[in-house]
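A quick write-up on the structure given underneath.
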Amino acid sequence: MGKESNSIDPIQLLNGMVSEPYYLFHFLTFFSYFVIRFNFASQLLDSLLIHLLLRREIQMLLVFAVVALVKGVREETWEAFIADALFLAKICLFALAFTMDRRLAVWYIIVFLVIHMLTQQPPFQGLGTSSKLTPLQLESLLTEGNSSRLWLVEFCASYSSACIRSSQQLPELSITYSNKNLSFGIVDLGLFPNAAEKCGVSLSGSMGQLPTFILFENGAEIARFPELDFEVKFFSPTITKGLLSRHFELDRHLLEYVNGK
């Protein structure tokens, strides 16, 4: 992980893997390969194919280790790293299963499709100093004028993989930059889809507008990311704390608060 990521308790991580269906089903599916490999493959495959399978397993292990190491250095959040690692592991498992038996490879594709339909990767659970808000609560905070002058709000949806990957960013930014002048909030548009149009956010994943971050000053929008005229590209910029901090000039707002402006 990046240097700015919070440390993860291994016991908490293991407990989450067991208690979350998304992680549990993936673990059981990957573990099934070893059961099939050592209990049935040696009996059903000839020596030449077993030798080829062993060589392919070593290749897949090295590829996974190298790519996972690179991803671990580049990614800022565990959610993004786990998503990338699982995707790579599925490709490796498919290649090994295809080497063993094409029917087994098709079976694994079906299993992963079922897991994708029935479960989803859980987002980051921490809030930092940010607040989960309903659209009515946000509107009240922005219009009453007795709260912070500035509000940085993330509009997300729990079903969006992009939102899950970046779910740790705003809570961690809130820990660093939250003060009397600047507060942080999160609105789940998956729970309140009718509020999306009012905020100018498309719930279509193809539009690349999830998540959307909007900075309000005295109830009026002064900046957002991505912009309304944002064009979706195949390689969209990765949402990081540094990117959001620069885009919304959070360092400047913090200095203004410290200097009493």
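Just so it is clear, glycine is given a Cβ too, placed from its N, Cα and C backbone atoms.
Taken from TrEMBL, the feature transmembrane segment applies to 22-40 (among others). Below 8 angstroms of C-beta separation, residues 16, 53, 86, 89, 93, 96-97, 100, 104, 108, 111-112, 115, 118-122 of the same chain, each at least six residues beyond the ends of the transmembrane segment (22-40), sit close to that stretch.
The feature transmembrane segment is assigned by TrEMBL to 52-74 (among others).
The transmembrane segment feature in TrEMBL is assigned to 80-98 (among others). Distant neighbours of the transmembrane segment (80-98): 1, 26, 29-30, 33, 53, 56-57, 60-61, 63-64, 67-68, 71-72, 104-105, 107-109, 112, 121, 161, 164-166, 238; these residues of the same chain sit at least 6 beyond its ends, with a Cβ under 8 Å from one of its Cβ atoms.
Sequence annotations record features per position, and here TrEMBL assigns transmembrane segment to 105-124 (among others).
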